[in-house]
Amino acid sequence: MDDKSMARGRKAFFTGFPIRHSRSPLIHGFWLKEQGIDGSYEAVEVKPEDFSSFAASLAANGFAGGNVTIPHKEAAYAAAESLDEAARAIGAVNTLWLENGRLCGGNTDAYGFAANLDASAPGWDKADRALVLGAGGASRAVVHALLSRGVCHVSVVNRTLSRAEELAAHFGARVYAHGWDEAQALVSNAGLIVNTTALGMSGHGEGQDFPIDLTCAPKEAVATDIVYVPLRTAFLNKAEKAGLKTVDGLGMLLHQAVPGFERWFGQRPQVTQALREHILADMAKAGAL
């Protein structure tokens with residue numbers, strides 16, 4: 001029996017609360033059709049107080065696993081009986097699967113971040129120094145990816161310095177905390193600049209100028225934003241005008257979905273231009289470009 005036959009009828013889920021317009025079902029639906037797999041990926045809205053019972057009943061409800069988003073990532077971390085290395089390092093789970101009856105948890109955000117850069121800016125990990133703007137939950141995955149790929153010095157800048165200090169303390173050596181007032185000076189020797197803040201995204205000052213001058217960045221520097229709505233953020237527009245190589249955040253969303261699909265359906269999908277165009281068409285329809 002081949003892997004596709006074994007995957008027949010398998011179900012995976014996507015859960016959060018509330019479930020906003022997620023493109024994960026579109027991504028996995030595209031792959032299921034492309035691979036010819038008779039499976040499903042469905043959105044299930046679960047209230048925070050119900051998550052533990054939901055996680056405990058995955059097998060009974062016929063699920064092979066699924067994706068978890070806000071506000072359940074920490075609860076999924078606590079519910080998992082086994083964690084992968086990325087989930088342990090980041091402290092949050094976005095992917096669940098069943099293995100020999102045990103609930104396992106992983107985090108694919110760091111993988112997605114690095115794979116996006118690998119595809120769009122090969123050699124990005126040769127940078128000795130990286131500058132991460134923002135110290136929220138998403139920045140943990142970014143920092144883990146940078147450290148895993150050998151970046152020697154990671155500067156994390158945040159308006160609330162204590163948040164950056166907490167993140168630096170979590171990861172230890174090679175990660176340094178700075179206040180936002182230090183960001184400008186740090187740009188000049190950063191080989192990679194990552195925006196994880198909401199500045200310039202829809203509903204957060206979109207159309208406004210990004211408040212850091214990027215013209216002093218090294219000419220070979222790469223600038224990437226984990227935000228993908230809008231696709232071209234104020235940060236990326238400013239980086240492009242400064243002559244930097246830019247990478248948008250949509251690829252991170254697409255690549256982070258790969259490991260989960262393989263876990264649940266037994267086939268490793270590819271992130272292709274056709275998939276990207278499929279998601280961009282949906283974004284355009286929703287006025288999210």
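Backbone N, Cα and C atoms are what each Cβ position is placed from, and that goes for glycine too.
Database features, via Swiss-Prot:
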type	residues	note
ACT_SITE	LYS73	active site, proton acceptor
BINDING	SER22, ARG23, SER24, THR69, ASN94, ASP109, TYR228	shikimate binding site
BINDING	GLU85, GLY134, ALA135, GLY136, GLY137, ALA138, ASN158, ARG159, THR160, LEU161, SER162, ARG163, ILE226, GLY249	NADP(+) binding site
(request) Write out the long-range same-chain contacts of ILE226 (NADP(+) binding site), meaning residues 6 or more apart in sequence whose Cβ is under 8 Å from its Cβ. (result) PHE113, ALA138, VAL142, VAL194, ASN195, THR196, GLY249, MET252
(request) Could you list the residues of the same chain, at least six apart in sequence, whose Cβ is under 8 A from the Cβ of LYS73 (active site, proton acceptor)? (result) ALA92, VAL93, ASN94, GLY137
(request) Using C-alpha atoms only, work out the spacing between SER162 (NADP(+) binding site) and ASP109 (shikimate binding site) and round it to an integer in Å. (result) 24
(message) Cβ within 8 Å of the shikimate site centroid (SER22, ARG23, SER24, THR69, ASN94, ASP109, TYR228 excluded): which residues?
(response) PHE14, ASN67, LEU253, GLN256, ALA257
(message) According to DSSP, collapsed to three classes, what secondary structure does SER24 (shikimate binding site) have?
(response) helix
(request) Could you say whether, by DSSP, GLY137 (NADP(+) binding site) belongs to a helix, a strand or a coil region? (result) helix
(message) For a quick check of understanding: among the binding-site residues SER22, SER24, THR160, which residue's Cβ has the most other Cβ atoms within 10 Å?
(response) SER24
(message) Using a Cβ cut-off under 8 Å and a sequence separation of 6 or more, which residues in the same chain sit near TYR228 (shikimate binding site)?
(response) ASP248, GLY249, LEU250, MET252, LEU253
(request) Do me a favour and check the Cα-Cα span between ASN158 (NADP(+) binding site) and ARG23 (shikimate binding site); whole Å is fine. (result) 29
(message) I'd like to know which of the binding-site residues GLU85, ALA135, THR160 sit within 10 A of THR69 (shikimate binding site) at the Cα level.
(response) none
(message) Please report the Cα separation of GLU85 (NADP(+) binding site) and ASP109 (shikimate binding site) in Å, rounded to an integer.
(response) 12
